[in-house]
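*Asks:* Before I ask anything, here is the structure I am working with.
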């Protein structure tokens, strides 16, 4: 019985092929026309193989589909309605397509595609850089306000001698060394500023520098406030004490200190007590770290020059007895650790998540860090370009350069 059914099916396929060859009309390729008789042959007169028959058989049964111009075309036979995707044109024209596979209806599969990747791995986010600058200025004001208050608490240099210091006790005093140190600070600061401005991702670098300095200044305002040391250099001039700490007096002192950028060389820094920790050392060390991190690796001479300048600047601070040795050591330790921890967090995406295993996420400034660094896609490359829109000829000849 099974053999008989197979024979009938094969004869129908043969009739279909013969209809196509003898000119019997049909609507589409593979559709079955009327039944006729004749010899099974190919277009070139040869006998048709079983493989040819399989390739010519229809893949799916077909039924008429309405078209938009009022006609019909053959389409797959449907056995059940399905909610498949319909485009807007088909919905307007009242056309609906239902497709089956093996006699059953096909349901639409909703695949959740990931959001497209950011076009820019290192977004500028200028508003964040501006906010970071505001935070830096605010913390600098807090530091100067702390110094304005501490100045009233400094022990009288006529009654209290400097504390014992292993380094200061064995080196001679050089009165003009503090001015030399501050000249080195100004040169290092300008070179560092130039490196950042020429960097391709200058807004990210500026943002990081502002935040790191803000953290360092805020911590310094606390350390100098909680412990007041006697003067390390009895010959250093300090403004007379007012024996009061009113708001107007503190505001006046803050304005005077900020107008001189915290330096003594311009005669604005005449208030004493800002020992723990050394602000001069913070700036010198940070300038070297920034140049070493973001300048081209091939410019080795710049790295060594920056390191030498920072080292000499710190030595001149000690020669001038502007700070105790412990002030310098604490400043070096705090500056380098905050800089390295910040960049370690910024360079690894997993460390930006506050997980149980990420102990670095317990740092008190971690949430602020995540806000400012959340969109940075990895280590900032050492790339440089011209920051100004002119001259165009210079821009055309000197594209972005990698180190």
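Heads up, the Cβ atoms here are built off N, Cα and C, so glycines get one too.
Sharing the features that TrEMBL gives for it:
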DOMAIN    272-344  domain 'Sphingomyelin synthase-like'
SIGNAL    1-19  signal peptide
TRANSMEM  130-150  transmembrane segment
TRANSMEM  170-197  transmembrane segment
TRANSMEM  209-231  transmembrane segment
TRANSMEM  275-292  transmembrane segment
TRANSMEM  299-320  transmembrane segment
TRANSMEM  326-345  transmembrane segment
*Asks:* Could you tell me whether the transmembrane segment (326-345) and the transmembrane segment (130-150) have 3+ CB pairs under 8 A, leaving out pairs under 6 positions apart?
*Replies:* no
*Asks:* What mean pLDDT does the predicted model reach across the domain 'Sphingomyelin synthase-like' (272-344)?
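*Replies:* Result for the domain 'Sphingomyelin synthase-like' (272-344): average pLDDT 95.
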*Asks:* Who are the long-range neighbours of the transmembrane segment (170-197) in its own chain, taking Cβ under 8 Å and residues 6 or more past its ends?
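*Replies:* Same-chain contacts beyond the ends: 205-206, 209, 233, 235, 263-265, 280, 283-284, 287-288, 290-291, 294-295, 302, 306, 309-310, 312-314, 316-322, 387.
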*Asks:* Do you know the DSSP helix, strand and coil residue counts for the domain 'Sphingomyelin synthase-like' (272-344)?
*Replies:* 56 helix, 0 strand, 17 coil
